[in-house]
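Asker: Sending over a structure as structure tokens; questions will come in a sec.
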Amino acid sequence: MSRFAILVTLALAIATVSVVIAQVPPEKQFRVVNEGEFGEYITEYDASYRFIESSNQSFFTSPFQLLFYNTTPSAYILALRVGLRRDESTMRWIWDANRNNPVGENATLSLGRNGNLVLAEADGRVKWQTNTANKGVTGFQILPNGNIVLHDKNGKFVWQSFDHPTDTLLTGQSLKVNGVNKLVSRTSDSNGSDGPYSMVLDKKGLTMYVNKTGTPLVYGGWPDHDFRGTVTFAVTREFDNLTEPSAYELLLEPAPQPATNPGNNRRLLQVRPIGSGGGTLNLNKINYNGTISYLRLGSDGSLKAYSYFPAATYLKWEESFSFFSTYFVRQCGLPSFCGDYGYCDRGMCNACPTPKGLLGWSDKCAPPKTTQFCSGVKGKTVNYYKIVGVEHFTGPYVNDGQGPTSVNDCKAKCDRDCKCLGYFYKEKDKKCLLAPLLGTLIKDANTSSVAYIKY
């Protein structure tokens, strides 16, 4: 036999052995069907849910469990839930596999010998998968920290849910500039598909955006804070002595590299970092074991952390951090705080701005509706009504707009822009900000801050 033939035979033998090694053993394979009775306990979003059960595999690692749930009939999401059945408090959904591609009745979740975890409709159409076929997967596991993993024979992760966050970060989970770098909100409690709010990590910082018009607008976050490419939601113990922790700290930690620029914490409408040791942001300090916590970008654009308080007898989930908090009187900075439209002062929606002035606010308050929001048609003029002492939610993050410029030039830009619903003008600094979205208008004690709203 020639040397070439020997080499080819040897390569084929090695490949054959590799394929055998890469297979999931029969006792670790599973195929489960979305069918049967719904669970009886209260869950977030008022969702109906079904347990996933297999003789070969456990889908529960306390307090985390993988299930199917729906908020609309016959549209199921494969999701991870946190909470215990004996608790009276609502159990929470903290990871979705197929939020934009729900499945129907009798859908299947399967892990075959090739190591690919597949969610498919009853007719076989694949709706979601891990794309891990023939990559050495030998098993499936839900870890005690809520990370769902597919691992190889050495325990190394081939795929993990921590690399694919949706709207939530669990303790120890990260966003990465060179990976999945954002959280995206749900559309609503009843609609789990991608919503208009996002929190994005880039080389400049961690920034919150709202996009309802095709133009992303910044409304929160830490846009000038250097996280060095990775930000991790963490909970650490603070010790008063060598043995007993006195408190637990909720943190946003940057990548573990030396020296960081503390960033520009200019008058942002948010909670400011409590200290900045090595670039770490201290969100809050709690006096109980907050190891089971999560950070959630809500469907309303809010950013909140919740911590599980095991000693409580009722309502064991506690809101342990809020970016738009009542404590810092920053609720008015949330674009959706007053619904579609409203005038907000000190955490209260006090008025509904109209061409007739500031009227009483209700959840029916809305900006003027018209199809002619620009002066592109010959002879067409655009009308505005004026609100004195008001600020747009994005103003603090864009240095109040562009300028210096005159109020007439600012108006002319909004006149010509069909997407512009109004403009905000800083008379003292001669700054101009065009607004394609209005939402919650924030009272400004400075009467030289004026809004002009189209109608």
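Just so it is clear, glycine is given a Cβ too, placed from its N, Cα and C backbone atoms.
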Asker: Among ASN70, ASN289, find the residue to which Swiss-Prot assigns the annotation N-linked glycosylation site.
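Answerer: Looking at Swiss-Prot, the N-linked glycosylation site feature maps to ASN289.
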Asker: Which of the listed residues, CYS365, CYS374, has Swiss-Prot annotated as S-nitrosocysteine?
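Answerer: My reading of Swiss-Prot gives CYS374.
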Asker: Going by the disulfide annotation in Swiss-Prot, which one of CYS349, CYS352, CYS420, CYS432 is bonded to CYS410?
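Answerer: It is CYS432, per the disulfide annotation in Swiss-Prot.
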Asker: Looking only at CYS352, CYS414, which is named in Swiss-Prot as the disulfide mate of CYS420?
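Answerer: Disulfide partner per Swiss-Prot record: CYS414.
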Asker: Out of ASN56, ASN289, CYS374, ASN446, which of these recorded positions is nearest CYS410 (disulfide bond) by C-alpha distance?
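Answerer: For CYS410 (disulfide bond), the closest Cα among ASN56, ASN289, CYS374, ASN446 is found at CYS374.
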Asker: Counting by DSSP secondary structure, give me helix, strand and coil numbers for the domain 'PAN' (374-455).
Answerer: 13 helix, 29 strand, 40 coil
Asker: When the pLDDT values for the domain 'PAN' (374-455) are averaged, what is the result?
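Answerer: Summing pLDDT over the domain 'PAN' (374-455) and dividing by its length gives 91.
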Asker: A 10 Å Cβ contact count, applied to the recorded positions CYS374, CYS410, CYS414, CYS420, CYS432: which residue has the minimum?
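Answerer: Each of the recorded positions CYS374, CYS410, CYS414, CYS420, CYS432 was scored; lowest Cβ tally within 10 Å is CYS374.
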Asker: Per DSSP, to which secondary structure element type does ASN211 (N-linked glycosylation site) belong, with helix, strand and coil as the options?
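Answerer: In the DSSP reduction, ASN211 (N-linked glycosylation site) maps to coil.
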